[in-house]
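Sending over a structure as structure tokens; questions will come in a sec.
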């Protein structure tokens with residue numbers, strides 16, 4: 001039937017995207033290793049062409065959507081959350097600042113730079129603006145028309161963003177690598193060959209001060225550009241998976257973020273965030289100044305990271321124990337966004353696991369061990385354990401069904417039986433559910449569904465006695481209801497605080513590697529054991545995934561906090 005050609009279209013489009021990506025990847029690699037006949041202008045021309053094709057497709061899709069705006073379209077309520085759109089918008093704004101710096105850099109060095117280096121940031125800025133608008137308006141779409149054509153358009157956009165991400169990662173890594181090669185000399189590793197990989201223009205700048213600002217500022221903005229493209233590619237991938245999907249129409253409960261009840265988690269998380277920023281600033285100032293200062297900077301980093309990772313492991317274990325005490329079913333319905341989140345968590349965690357196992361092996365096999373390198377052992381072990389525990393917590397959290405309140409419970413009302421003949425209402429259901437209802441000494445509460453619980457004046461004594469004893473029995477069950485809800489609320493409050501704390505901790509641990517604080521480069525022990533070039537290749541391949549893991553974990557934990 002109709003599913004067969006659509007399955008073929010999915011396979012064909014995915015293969016098209018993979019070949020598009022591999023061609024760009026080889027061009028990027030060829031430029032990085034200074035291959036004969038391959039220059040940066042060739043790579044940028046390829047990227048500009050891909051962006052222009054995506055721009056044409058997005059414009060066509062937007063025009064077609066405007067002509068059909070009156071039609072009711074299916075939406076994936078789980079895709080394109082508002083907080084995710086706000087996050088990608090923030091990164092896009094910083095990316096536009098990066099593009100403006102590149103334009104300024106090109107103007108200052110225009111005498112010896114290829115015209116493509118001026119065209120690229122302009123095209124990229126237009127591409128960024130239109131893509132963010134497209135994702136805000138259509139990230140939730142479930143495309144049911146022109147499905148074959150749309151599959152190719154969306155997968156083209158996915159791999160275009162992945163190539164732009166790869167280009168950003170490589171450019172930023174080459175800059176970081178040059179700095180780390182110079183730092184190794186101060187740590188006493190003089191036997192390592194230091195050859196700087198310089199792609200600087202071979203001419204003088206027209207205005208020296210501006211050139212310095214642009215060249216230095218570009219590399220501080222690259223981490224945000226990298227996160228922007230990887231977020232865009234994941235949102236577009238979910239859109240691609242949703243093409244032609246049949247969805248069940250059901251009401252989606254909104255889960256707004258609330259600061260109420262997470263004060264403890266936020267306070268501890270902000271302490272970690274503030275201390276991490278301070279550590280990074282001191283590290284970047286001290287590293288490379290002298291051997292003693294570099295060793296102190298590395299020791300300071302490791303001790304701080306060990307403490308933070310230990311706290312995160314403890315918080316994750318407490319959260320998992322709370323889940324084991326609860327009996328709630330998992331939501332196994334088809335959800336491409338949730339499935340992608342889980343796969344990205346495990347897949348990107350492998351990057352830092354690879355680095356950690358490399359460090360552990362280097363410590364075991366090295367013949368000489370400077371004192372600061374021993375702190376690398378507990379640090380590497382905790383990195384592996386912390387990600388293992390955190391992945392379990394996040395994946396289980398996003399798969400747990402949201403707690404729903406029974407309709408019968410929602411109709412509960414409480415009345416009091418006074419000594420007289422009057423009936424008075426006690427606190428509302430909301431107060432009962434939150435465990436705040438109280439009982440006065442002269443009142444006995446009772447719950448009912450379809451009738452009023454009480455007694456009328458003029459009844460006989462036997463009937464009064466029966467009703468009073470019945471109300472006392474019901475009040476006993478009511479208090480068990482209150483206590484169970486109180487326990488549930490306490491568990492939810494603890495889980496929300498843990499999610500808030502881990503959210504800020506992951507943001508904190510994203511900052512050091514994103515802004516050049518990378519002890520995997522600086523301690524020098526791994527380079528001695530594995531060799532400089534092999535270890536640098538491993539770090540350059542694994543580090544981008546490790547950085548993305550922290551940002552993706554923070555985004556997932558934000559969702560967990562809203563959902564809990």
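Using the three backbone atoms N, Cα and C, a Cβ is placed for every residue, glycine included.
No curator has checked TrEMBL annotations; they are predicted automatically.
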When you get a sec, could you say which of 65-82, 119-136 is annotated transmembrane segment by TrEMBL?
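It is 119-136 that TrEMBL annotates as transmembrane segment.
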How about the transmembrane segment (83-107) and the transmembrane segment (498-516): at least 3 CB pairs under 8 Å, pairs 6 or more apart in sequence, or not?
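As far as Cβ distances go (cut-off 8 Å, pairs 6 or more apart), the transmembrane segment (83-107) and the transmembrane segment (498-516) do not touch.
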How about the transmembrane segment (498-516) and the transmembrane segment (119-136): do they have 3 or more C-beta pairs under 8 A, pairs 6 or more apart in sequence?
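The answer is no, given that the two segments have fewer than 3 Cβ pairs within the 8 Å cut-off.
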Give the one range among 43-62, 219-240, 344-369 whose Cβ atoms make the most pairs under 8 Å with those of the transmembrane segment (119-136).
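Between the stretches 43-62, 219-240, 344-369, 43-62 has the largest tally.
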Could you tell me what the rest of the chain brings near the transmembrane segment (301-323), counting residues at least six beyond its ends with Cβ under 8 Å?
268, 272, 275-276, 279, 283, 372, 375-376, 378-379, 382-383, 385-386, 389-390, 392-393, 396, 400, 491, 494-495, 498-499, 501-502, 505, 508-509, 512, 517, 519
Sequence-remote contacts (6 or more beyond its ends) of the transmembrane segment (528-549), Cβ cut-off under 8 Å?
169-170, 173, 177, 189, 192-193, 223, 226-227, 230, 344-345, 347-352, 354-355, 358, 361-362, 365-366, 387, 510, 513-514, 518, 520-521
